[in-house]
Amino acid sequence: MAKFKRTDTNRSLENLLDQDKSAQMSKNGGSLAKQPTRKLIPGHGLEFNNLSYSVIKKVKKDGVWINKEAYLLNDISGQALRGEIMAIMGPSGAGKSTFLDALAGRIARGSLEGTVRIDGKPVTTSYMKMISSYVMQDDQLFPMLTVFETFMFAAEVRLPPSISRAEKKKRVHELLEQLGLTSATHTYIGDEGRRGVSGGERRRVSIGIDIIHKPSLLFLDEPTSGLDSTSAFSVVEKVKDIAKSGSIVLMTIHQPSFRIQMLLDRITVLARGRLVYLGSPTGVAAFLAGFARPVPDGENSLEYLLDVIKEYDESTVGLDPLVLYQRDGIKPDQAAKTPVRKPPKTPKIPRTPYAKSPWTKHISLKSSHFSTGNMNSQRDPKDHSDQQSDVNNFDYEDDDDEDEFDKSLERRAPHTPMSMQSGVYPRLASHFYKDFSVWLYNGVKGTPRRPPTWNNNGAIKAPISGSGFKSMSSSQFSMTQQTPGPGNKTPIFTPGRDVIEYSSYNPSYEEVFEIEEVLDEPVHRHKFANPWVREVLVLSWRTTLNVIRTPELFLSREIVLTVMGLVLSSFFKKLSHFDFKTINHLLNFYIFTICLVFFSSNDAVPTFIQERFIFIRETSHNAYRASSYVISSLIVYLPFFAIQGFTFAGITQYILHLNSSILSFWLILYSSLVTSNAYVMLVSALVPSYITGYAVVIATTALFFLTCGFFLKRTQIPLVWRWLHYISAIKYPFEALLINEFKGSKHCYDGDLSDLSPGPLGDVKFSALRNNSRAALPQNCTLIGEDVLFSMDIREENIWLDIVILLAWGVLYRLFFYVVLRFYSKNERK
């Protein structure tokens with residue numbers, strides 16, 4: 001049995017067992033073929049241990065749909081250091097972007113397992129967002145802003161107000177020079193319809209936005225996708241300069257050229273969410289040579305590694321030989337060198353044989369050379385054939401009972417590193433498992449791979465079995481302090497708040513666990529760099545620039561309302577006459593006016609959907625508040641709505657000589673534009689595409705149109721659907737326009753009652769006002785305006801009440817819009 005120094009607290013349970021096993025095998029003369037690895041430096045840079053992520057998907061089995069757990073990441077461990085670039089590579093579907101999201105804290109904590117540490121300390125998601133930036137694969141930028149204006153906006157929202165505007169401009173010019181964008185300083189970003197910067201420059205602008213505040217960590221998702229080799233090399237070269245300034249840079253990349261490979265410091269190669277290689281790009285050839293698959297002359301080592309991965313992935317043995325070799329340096333046997341190809345087969349769900357114990361759900365593949373203690377374990381290569389046979393013959397669906405499982409452990413413990421699908425640590429001796437299971441059954445709520453969180457405030461003394469190991473204070477068994485209070489947050493990727501009790505277990509000896517410091521945001525630090533008012537001003541400035549430089553956003557609706565005002569005026573003539581035909585013409589004119597205003601707001605659907613992706617990118621790291629965005633967009637568009645409403649009201653009032661008040665007419669149209677725009681933006685925030693957005697807006701607006709009281713009066717709508725009449729946003733401006741036109745007894749209408757039918761007025765009803773003032777009315781006054789309102793089932797004859805209710809709907813739509821942006825527009829995996 002190997003001797004362990006009790007002062008060494010940075011050793012994992014599995015690593016100590018590896019050392020014990022290595023000592024036994026060395027005594028027996030065993031040896032292990034080593035594969036080239038790059039040793040990790042504990043307590044430095046970004047460390048990630050045992051990251052696993054699974055999702056539930058529905059699959060059809062025997063004609064029945066069942067839920068199946070699919071693992072996108074499977075027990076990945078490694079490290080990224082400051083001043084270096086770590087590239088995440090792998091074939092399509094390997095989990096590169098998922099892995100990057102896991103490190104960046106963009107996966108919901110409940111669905112991700114493992115630990116992420118910075119300089120040896122666990123971190124919270126809020127702290128990770130505070131010190132890092134994430135550059136998405138797609139360049140979501142405003143096309144009508146220049147490069148300088150884009151960077152200046154980022155500086156205004158990312159840098160605190162304590163930094164003067166001159167210093168912010170200086171930082172922008174430094175960034176332009178650092179990214180090689182000096183020549184494109186005043187060039188528009190551009191898009192498909194507008195000429196702007198090149199693809200490589202556009203990508204560098206996207207990177208510059210997220211490094212304006214000099215983050216410690218930079219995550220980039222496919223920064224070279226869609227670029228030619230020269231532009232891609234230029235982008236990575238600038239990223240290399242960023243890393244040299246002291247940042248930790250991690251990026252996914254699909255097929256780097258040889259020149260780009262030479263810029264990378266470390267690469268992490270994944271395959272189906274499993275770690276295949278971690279080390280220097282120059283070490284890939286030695287890795288493959290040790291795997292008995294030397295790189296052919298003239299071949300690129302990384303590309304050849306991807307070919308080998310594909311070959312094994314499609315074979316009967318799967319990826320296990322590659323993963324085992326990366327993990328333990330175990331070479332495959334002769335049969336595994338040339339795998340027999342087979343049709344792709346959907347893997348079955350890994351299941352834990354010992355179902356009663358609360359083992360972690362993800363599959364254990366902890367690499368001994370990733371541990372912070374002993375870097376290499378010793379194994380007997382003679383036993384690999386037995387091991388490989390066990391791997392190939394393992395049945396995913398068989399569950400052994402406890403006795404059979406204990407016996408299998410006793411048989412396999414001396415020589416077999418079990419398959420990854422077994423869910424059991426291969427090097428656990430049977431006697432240790434029995435002791436450990438007792439510990440589990442006496443109050444453990446967590447799992448061996450994800451330790452529970454302690455509630456004690458002081459140092460915690462936890463008794464542990466002394467069967468061949470010293471402590472569990474490693475990254476795999478880290479204990480984090482839970483301090484009461486509102487400022488306390490659970491460290492990222494750590495388990496829940498369950499409590500462990502050891503009341504009935506007598507340990508061999510006791511070990512004191514030191515409570516780790518958790519890196520979190522300072523208690524008094526503001527989440528956002530700027531106050532709310534300043535954010536509104538800066539966002540309003542940018543939105544105004546976009547509207548001015550994109551005149552079609554304003555002119556298109558202005559032209560529509562102008563042209564339609566002229567067309568309507570030519571259709572509806574002599575509306576100043578006081579006959580029965582005029583009543584129907586007025587009703588038709590006003591309902592068409594309101595529908596025109598509502599449907600003209602549909603152009604906001606594609607506009608906001610484009611902005612939504614920019615909003616998600618900018619707010620993913622707390623650039624500004626969602627409320628600031630909502631209010632700023634409203635402030636900028638209010639004067640444009642006023643101009644548009646006055647244009648239509650002025651044209652129609654002047655040509656048709658309407659008897660209504662032009663001020664009230666304009667105010668009703670203005671309120672309708674504000675409310676309809678709020679509704680369209682709410683729908684745009686909920687739908688995935690502008691096509692769906694158009695469909696939803698048109699369908700709901702048509703429903704509002706049907707139930708507003710024009711086609712079916714309130715009393716004619718079935719009782720079960722009458723609530724639609726009151727939530728119809730068209731009802732209130734329509735009624736307000738009619739009240740503005742017909743209220744009171746100052747207008748008298750005469751004619752044949754047959755002129756009212758067919759028409760929206762229907763059966764004529766005489767109002768109480770007419771009955772009370774019959775004697776004062778002229779002899780030829782058959783109907784007064786009040787009778788028209790009474791016949792249309794309009795009872796509350798108050799223009800201001802209708803306007804207030806209409807604006808209240810607009811406020812409610814804006815509030816819902818804010819809620820969607822605040823809580824449901826997060827770029828985070830569940």
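Each residue, glycine too, has its Cβ placed from N, Cα and C.
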N-linked glycosylation site according to Swiss-Prot, picked from ASN50, ASN780: ASN780
Check: LEU658 and ILE739 same membrane side, Swiss-Prot record: yes
From ASN488, ASN771, the one Swiss-Prot labels N-linked glycosylation site: ASN771
Cβ contacts under 8 Å made by the transmembrane segment (662-682) with residues that lie 6+ beyond its boundaries: 593-594, 597-598, 601-602, 604-605, 608, 633-634, 637-638, 641-642, 644-646, 648-650, 653, 693, 697, 700, 729, 733, 736-737, 740, 799, 802-803, 806-807, 809-811, 813-814, 816-817, 820
For the topological domain 'Cytoplasmic' (820-830), mean pLDDT (0 to 100): 75
Beyond the flanks of the topological domain 'Cytoplasmic' (610-630) by at least 6 residues, Cβ under 8 Å: 106, 129-130, 132-134, 136, 138, 140-142, 154, 157-158, 210, 527-530, 532, 535-536, 538-539, 684-685, 814, 817-818, 821-822, 825-827
DSSP-derived helix, strand and coil totals, residue by residue, for the topological domain 'Cytoplasmic' (610-630): 15 helix, 0 strand, 6 coil
Secondary structure composition of the topological domain 'Cytoplasmic' (683-690) [DSSP: H/G/I, E/B, coil]: 5 helix, 0 strand, 3 coil
